[in-house]
């Protein structure tokens, strides 16, 4: 019963993560149509790429025991492909200055993942220590990913537009973190549960803050 429940939650977690990873399609369809990245930030997609890379590796048999965390591999592997696609589109339509900023963030992310994979594969010689090492880095990456939309709050306030904090990105971030928190608790794997325990209230905070800002401007302009 326990394994079936864990698998069911894992499947639902995969579905919610798929919605989370595909939510930016609406944003990038606008970027392609306007041939401009406007003031959208690439930071959330680069951090999401790091998170997907780390947890794809975490779920592989070299780190986890056999295929105990196979749901992580499937969804994060797909996430890698989607995030790479979004970043390529962003770079294509970005200004020269923005491209430099993306490169400055992207290169350290790739180096960090490669270093993590090499150290975990060749320095540690058992699953426990590999999971602790990769899971610790994944924990930081996951919390940063779920909290990354909060980075644009200042831009949202300055432009008086919530389009830079997409609703579906915030919603699916909350649902995904909630389901993966449950999956981690059922698996007794704190490197899956812990970042999502922190990320769940962050996702809820994003929804509340977005709603509060939208209602504030609505009543403010009506009052004028």
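Positions of Cβ are set from backbone N, Cα and C atoms, glycine also.
What TrEMBL lists as transmembrane segment is 6-28, 40-58, 70-93, 105-125, 131-153, 165-184, 190-208.
The transmembrane segment (105-125) is not in contact with the transmembrane segment (6-28), judged by fewer than 3 CB-CB distances under 8 Å for residue pairs 6 or more apart in sequence. Ranked by Cβ pairs under 8 Å to the transmembrane segment (6-28), the stretches 70-93, 165-184, 190-208 are led by 165-184.
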